[in-house]
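Okay, structure first, notes after.
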Amino acid sequence: MKASHICSYLLSIAPLVVSHGVHHNRDHGHEANHESKQSFLILKQESIFYSLVCFLQNHLFVLGPRYNAIVAILIIQLMPCLFVLFVPGLRKNDRASLTLSLLVSFSLGTLLGDILLHVIPESLSGVTDVTMVGGAIFLGFISFLTLDKTMRILSGTSNDDGSIHSHSHSHTPQQTAEKKAGFNMSAYLNVISGIAHHITDGIALATSFYSSTQVGIMTSIAVTFHEIPHELGDFAILLSSGFTFPQAIRAQAVTAFGAVVGTSIGCWMNEIGNNSHKATSSSANASELMLPFTAGGLIYIATTSVVPQILHSSAPDSKLREFKKWALQLVFIFVGFAVMALMDEH
């Protein structure tokens, strides 16, 4: 079976899991269990997936839902970090390299795809007050803008991307120290946004394991396929923003901690009141608040960090070379968006 079919199939099941685990459990407790069983019956029709899920259930996810969820989120966060080690050109840390430029373009596609195809639609799912969702997105954007501006004022810098946008070669000792340290506001904002995003993912994943082990495993596989291109794009943003390879790895580890925190919160919410509706209601409320806020932060990062890097010309004297480079960048933007569309295909 082709990889694209595998991804499409897995992700066609996962949204159902997350949907009834995070957004609809408040009103459809018995319906959720039926949906869980139905999803696993569908899985049985594909012997490869049935065998894989049974193997994982018997050899890896052998404990209760709390521990299974923690194990799953650790594996999910480890996979993208291992994946970046095999991408050529990332260790060189050359901000002008074509590889990094194309990865930044890919990250813009995945970022926009995540915002437009996943985060915002998920925020609007089952919500009657659309204005509140829009307000939360706006609040997220303004919060990241305020944080960015505050950090710039406190650090005494007016443009953290000076090496990209400025033609001046004079630097104060403070600016030189910041450059050596890989100091970049947008990169840190990307880390903060990643933490918030991973918290919501962790809550959803934990809820799926409390639905059933099989559903939790299916969700874990689907989320892994989703996270690899997403984390690869985030990694490219960090490198292009001035982080060294080890710094980017450490930053990704910090965002991974957010997923563990989110999973722990999800487990706590599901266990409160002996699996009563109170747990799933709290989980849904937390997710409804976090998702649109995260969308606002992601929009800020895309518009102030990623897009300016793509607009930057590395060889302004060669117009033909720049047009060829832009053509490749445009292709990678579409590829990134298409990957996220495939990941979120219902």
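Glycine is treated like the rest: Cβ placed from N, Cα and C.
Copied from Swiss-Prot, the annotated features are:
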- Asn184: N-linked glycosylation site (CARBOHYD)
- Asn274: N-linked glycosylation site (CARBOHYD)
- Asn285: N-linked glycosylation site (CARBOHYD)
- 24-69: topological domain 'Cytoplasmic' (TOPO_DOM)
- 91-99: topological domain 'Extracellular' (TOPO_DOM)
- 121-126: topological domain 'Cytoplasmic' (TOPO_DOM)
- 148-202: topological domain 'Extracellular' (TOPO_DOM)
- 224-252: topological domain 'Cytoplasmic' (TOPO_DOM)
- 274-290: topological domain 'Extracellular' (TOPO_DOM)
- 312-322: topological domain 'Cytoplasmic' (TOPO_DOM)
- 3-23: transmembrane segment (TRANSMEM)
- 70-90: transmembrane segment (TRANSMEM)
- 100-120: transmembrane segment (TRANSMEM)
- 127-147: transmembrane segment (TRANSMEM)
- 203-223: transmembrane segment (TRANSMEM)
- 253-273: transmembrane segment (TRANSMEM)
- 291-311: transmembrane segment (TRANSMEM)
- 323-343: transmembrane segment (TRANSMEM)
Winner by Cβ pairs under 8 Å against the transmembrane segment (291-311), considering only 70-90, 100-120, 203-223, 253-273, 323-343: 100-120
Average pLDDT across the topological domain 'Cytoplasmic' (312-322), rounded to a whole number: 75
Cβ contacts the transmembrane segment (70-90)/the transmembrane segment (323-343), at least three under 8 Å, sequence gap 6 or more: no
Per-state residue totals over the topological domain 'Cytoplasmic' (224-252) - DSSP helix, strand, coil: 25 helix, 0 strand, 4 coil
Tally of DSSP helical, extended and coil residues in the topological domain 'Cytoplasmic' (121-126): 4 helix, 0 strand, 2 coil
